[in-house]
Amino acid sequence: CTGHVQSMMKDSDLKRDSGIPERVTLKKEIGLLSACTIIIGNIIGSGIFISPKGVLEHSGSVGLALVVWVLGGGIAALGSLCYAELGVTIPKSGGDYSYVTEIFGGLMGFLLLWSAVLIMYPTTLAVIALTFSNYVLQPVFPHCVPPYIATRMLSTICILFLTWVNCYSVRLATRIQDTFTVGKLLALGLIITVGLVQIFGGNYESLTPQVAFMFNKAPSIGQIALAFLHASFAFSGWNFLNYVTEEVVDPRRLETAAMSPEELLSSNAVAVTFGEKLLGMFSTLMPISVALSTFGGINGYLFTSSRLCFSGAREGHLPSLLAMIHFKHCTPIPALLVCCTATIVILCIGETHSLINYVSFINYLSYGVTIASLLYYRWKKPNLYRPIKVSLLVPVCYLLFWALLLGFSLHSDPLVCGVGLVIMLTGVPVYFLGVYWKDKPKCIYDFTEWATYLGQRVFFVVYPQIDPIEVAEWTDRSSFTSKASGPL
């Protein structure tokens, strides 16, 4: 027995000396600061610098655009409260996908996973990367749109670099997120400060009710709904901490007047136009700040979307190789590479504002299904322990707005919304062929096993080890009654 103990201690020392962790698993390296910067970094990615054009274009006036922004923020806040309850009730990485799979079953969860992996997150990453390259290149091409090839090449280089960072170290990725979030806040702080200076200086003609609500053409209900979809793109990211719940340390603790409308609509880079008009010799600060903001946004989206692939593979809905992590760095390298590849493919397809319409519709659809699962779970398991328990009025109000928004959007732009629905529904045959059908021919299983083994050898990845203590804690919590839960 003594010899066995000494042998185990020797192996432990060898692992420590070689840098191999004692237990190969996702590390809890996301503290309170990093958790906050993940949320801030994903919300303030690129949407706030892209969406103003789309919101104003569809709303038809400055005043109605401001109303859309305020209501959009309020709805996002209601949704975040619902996700806070789900996040601590079902403490699993994967966000919407994990909750819907747990509550509604495999098919519904797979459809969310399918649309997210196929279009939603690669497209969002592509939009942020294109925004990054446009703002970096805009000063080089001040009087024209940056060349197509140049923007795509720079976007691809940025995505490849940040993919390497996320493959190398979770801690390094979160440090980048923390640092570049400061750049985002500086950019927004600069815009807000200059805007306030203009307002107090008397330059607020566009904000007076007579001018602000002056329409060249009265917008339809459907156009207003599309304006909300563009605003929702800017606010998206408020649910992303739920994708990395298992890597959070103690997750229960967390949970423009200066530009004319015509200038905003004609601008290819809103923040650059803003800086050139109002910052004079300091105008170069604006594209630099936005570039820092979008760079951090790409990092945040890569970090969180790869955990969605990881969670899907762990549930058996994606190839098992995607559920493996590097034996030394403990990062989900195969999942990161899938996200990187899908994004680079999307980069070569579509125009930014069209892509936003597709993504926003699918985003809102998945949000609504997830929040509906909260209500169903309350009815199905009323006594389940819930550290956070929101008032039923919160999810009900969100779902009412959600139904109206999607209905009017579908009526106004049936092609874009219809394509989004078709993309999601193509996952049905894939689910039944790839997941539900268990008695596949032996040659398929042999090929899958060979490909998985090859991937393990190429990427040095293994299945993560499950901590039995954490599993026991989660099981014990689920057996508690909800007496300790109070309304939020």
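The backbone N, Cα and C atoms fix where each Cβ goes, and this holds for glycine too.
The domain 'Amino acid permease/ SLC12A' annotation in TrEMBL covers 276-409. Among the features that TrEMBL reports, transmembrane segment is placed at 30-50, 62-83, 104-129, 149-170, 182-201, 221-244, 333-352, 358-378, 390-409, 415-437.
Residues belonging to the domain 'Amino acid permease/ SLC12A' (276-409) score a mean pLDDT of 84 in the model. Counting Cβ pairs under 8 Å to the transmembrane segment (415-437), the top-ranked stretch among 62-83, 104-129, 333-352, 358-378, 390-409 is 104-129.
Ranking 104-129, 333-352, 358-378, 390-409 by CB pairs under 8 A with the transmembrane segment (62-83) puts 390-409 at the top. Helix, strand and coil content of the domain 'Amino acid permease/ SLC12A' (276-409), in residues and according to DSSP, is 101 helix, 3 strand, 30 coil. Between the transmembrane segment (358-378) and the stretches 104-129, 333-352, 390-409, it is 390-409 that has the most C-beta pairs under 8 angstroms. By the Cβ criterion (distance under 8 Å, sequence gap of 6 or more), the transmembrane segment (333-352) is counted as touching the transmembrane segment (104-129), at least 3 such pairs being found.
Long-range contacts of the transmembrane segment (390-409) within its own chain (CB-CB distance under 8 A, at least 6 residues past either end) are made by residues 75, 78-79, 81-82, 84-85, 221-222, 224-226, 228-229, 361, 364-365, 367-368, 371-372, 374-375, 378, 417, 487-488.
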